[in-house]
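What TrEMBL says about this one:
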type: COMPBIAS; residues: 66-102; note: compositional bias 'Acidic residues'
type: DISULFID; residues: 18-25; note: disulfide bond
type: DOMAIN; residues: 1-46; note: domain 'Thyroglobulin type-1'
type: REGION; residues: 57-102; note: region 'Disordered'
């Protein structure tokens, strides 16, 4: 049969490519360039090879960037919650202190 490449949701090549009718698999970068020496009979283990390439690292950069945005959103939510608690706590403490001194 004909080789059909495997791609991710963004249209880039998946790290492991296989030609089913030949029973061969190999590793590629995100642009489909074969990693030399990665072709094998059966499943290819591609994660180790791709970790050392710049393409894998640049692809990972977007994941890290997304995580940072999520963390900022969480921090902002916590700050808002803490501010609300602090304001309420300060008001209560001030009232208690005045009552205690009077």
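Using N, Cα and C of the backbone, Cβ positions are placed for all residues, glycine too.
Predicted, not measured: the structure shown is a model, and the values here were computed from it.
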PLDDT averaged over the residues of the domain 'Thyroglobulin type-1' (1-46): 94
Summary of DSSP states over the domain 'Thyroglobulin type-1' (1-46), given as helix, strand and coil counts: 0 helix, 14 strand, 32 coil
